[in-house]
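What Swiss-Prot shows for this protein is this:
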- I11, D89, I92, S117, V118, L169, L210, H235: S-adenosyl-L-methionine binding site (BINDING)
Amino acid sequence: MSILSLVGLGISKKFITENAIDTLNNSDIIIFDKYTSRSCDINVDVLRRLVKGGKTLIEADRSLLENNSKIIMDYLDKNYNVSIASIGDVLIATTHVSLLIEAKQRGHNVKVIPGISVHCYLISKSLLSSYKFGKSVTVTFPYNDFIDPTPYNVIKDNKERGLHTILYLDLKSEKAMTANEALQILLRLEDKHRKNVLSKSDIVIVGARLGCDDEKIVALTVEEATLYDFGNTPHIIIIPGNLHYMEADAIKWMLMS
């Protein structure tokens, strides 16, 4: 029986675990998930340097991992050990669990190597209570004139319950959405729906290039954030809900310039 391993790489090179590296080195084929998330410094070249020679390394897009699992299963059926390596944690904000199930149904062994995800890292760095986060959501690029209202509605639902919202930002091919673009999209949704979900004076927390030496985590108003230079992507946003006084003090003294 072959082994299918799902390997979380963490959010940057310094968070890649020995367990992750050992698992990759014990694989014949490594499939690098390049579409689910993006790191400030992990890419396919970094993976090549991390693992021993002789490995087949494949860069995978959404089509391979979500629509062409037969390719992966064929490798396993031919007794190749396969690892799927993802930025962050391999099962947070992914659909890869379906691959584990399919491999197990075919009689193969499966293994999961967790990694430090941007979700957990951001919550810690934001100084907000982990108990007060609601559903997370992705802000997507507009398609023609259509703007998906899902993030607006999720923020609304979370705020009604006093909960914070983490906003993941869209990736399209090689373009990553910036925090500035995401907030401008949300303001356009507010102008359209007018449910008082977001105003220019609201405080938001923005993370940029988390896990790298040049990371930024700042709290500022929506209006300020639309103009702020957060530097290179990836970016991520928290829309706070009701703040406990300790959370408010932490934002004021630790995150606001």
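Cβ coordinates are placed from backbone N, Cα and C, and glycine is handled just like the others.
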So which one is it: of the binding-site residues I11, I92, V118, which has the fewest other Cβ atoms within 10 Å?
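Counting other Cβ atoms within 10 Å of each of the binding-site residues I11, I92, V118 gives the minimum at I92.
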Let's check the environment of H235 (S-adenosyl-L-methionine binding site): how many other CB atoms sit within 10 Å of its CB?
24
Please list, in sequence order, the residues in the chain of L210 (S-adenosyl-L-methionine binding site) that are at least six apart in sequence and whose C-beta is under 8 Å away from its C-beta.
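L210 (S-adenosyl-L-methionine binding site) has long-range Cβ partners I11, S12, C40, V118, Y121, L122, K125, I217, P234, I236.
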Pairwise over I11, D89, I92, S117, V118, L169, L210, H235, annotated as binding S-adenosyl-L-methionine, what's the top Cα to Cα distance to the nearest Å?
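So the maximum pairwise Cα distance among the S-adenosyl-L-methionine binders is 17 Å.
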If you skip the near sequence neighbours and keep only those at least six away, which residues in the chain come within under 8 angstroms of S117 (S-adenosyl-L-methionine binding site), Cβ to Cβ?
G8, I11, G88, D89, I92, A93
